[in-house]
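Asker: Got a structure here, written out as structure tokens. Questions coming.
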Amino acid sequence: MSPGQDATLLERSIKIAFVVALYWVVSISMVFLNKYLLSEVSLDAPMFVTWFQCVVAVVTCFILGELRSYHPALEMFPRFAFDTHVAMKVLPLSLVFVGMIAFNNLALKFVGVAFYNVGRSLTTIFNVLLSFFMLQQRTSMPALLMCGVIVAGFFVGVNKEQEQADLTMAGIMYGVLASLCVALNAIYIKKVMPFVDNDMWKLTAYNNMNAIFLFLPVITFMGEIPDIAASEDVYSGNYWFLMTVAGLLGIAIGLVSMLQINVTSPLTHNISGTSKACAQTILALQLNDESRTATWWLGNVFVLGGSLGYVLVKRAEMKRDLEKVPSSADSKA
């Protein structure tokens, strides 16, 4: 290998390491900051916190769209001009999106960060079930076996978390509902993308704009308005700073996820996400000075290992299907 190739390889390795580290920092920071806002501040208004993050997302998308002509890196962000017709087309997805982020934050409020990944681990299972019932797509036996490993890890984790920590049934149910909504969200995104010119950032803007209006009756129904009006936190600049940072991290995670996929691959992105979840669990236990039994850790290993195994199985199946296409074309010729 020539010196020039060595230098190029080193530069690429440094770039990959930087992007992966950035993804970890943004993702873990977002989880811990949301946990703080939902559990540690005196204002108990999880739907209001989620609503404000949607406001930050829309404002950020609008600003980035207006700045797109000032730098080539910003050209990926479209100018956001609200169209009622498009918003109505996106509305079914927005309803699922509201459920997803609402249940996600409620799950984070009622469970510890260390258990958060286990509590949200059934997304893959719901993906398989919804793909079968809504899209008539069957799942192979190896993939189903990996799903079985995930389910086993979930129940082991729930059982041991109940023994060692203050885990409520509400926390478990919110985690399950969040997983269901994440799976539904993935299906509806595919249906809605043509209405936004297959532009993910335009979809983000419309989705969050719809969510701003959809969350208002939810906030009222949950009785959060009197709590907001009576809270001293809303008069604290530090509170609004942290709320804004949390909203910006929500946008940033989409950016760094795409960046990580671009400089590596979708498979590496999934492996990085699994590794990050493990590091996040260890960090949460260290920061809270907590310990868990070997069986609790076994549940986590099942969840993370099953999730990674599912990704590897699906990748192998996709590769095999792609290899069949040229061979079938050759046989017809």
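Backbone N, Cα and C define each Cβ position, glycine as well.
Okay, these came from Swiss-Prot:
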- 13-33: transmembrane segment (TRANSMEM)
- 45-65: transmembrane segment (TRANSMEM)
- 95-115: transmembrane segment (TRANSMEM)
- 139-159: transmembrane segment (TRANSMEM)
- 169-189: transmembrane segment (TRANSMEM)
- 211-231: transmembrane segment (TRANSMEM)
- 239-259: transmembrane segment (TRANSMEM)
- 293-313: transmembrane segment (TRANSMEM)
Asker: With the transmembrane segment (45-65) as the reference, find which of 95-115, 139-159, 169-189, 239-259 contributes the most Cβ pairs under 8 Å.
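Answerer: Going through each listed stretch, the top one turns out to be 239-259.
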Asker: Hey, which of 139-159, 169-189, 239-259, 293-313 has the most Cβ-Cβ pairs under 8 Å against the transmembrane segment (95-115)?
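Answerer: Against the transmembrane segment (95-115), the leading stretch is 169-189.
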Asker: For the transmembrane segment (239-259), find every same-chain residue at least 6 residues outside the stretch whose CB is under 8 Å from a CB in it, and list them.
Answerer: 19, 22-23, 26-27, 29-30, 33-34, 36-37, 41, 43, 49, 52-57, 60-61, 200, 204, 233, 269
Asker: In terms of Cβ proximity under 8 Å, which residues at least six beyond the ends of the transmembrane segment (293-313) contact it?
Answerer: 117-118, 121, 124, 140, 142-143, 146-150, 152-161, 164, 267, 270-271, 274, 277-278, 281
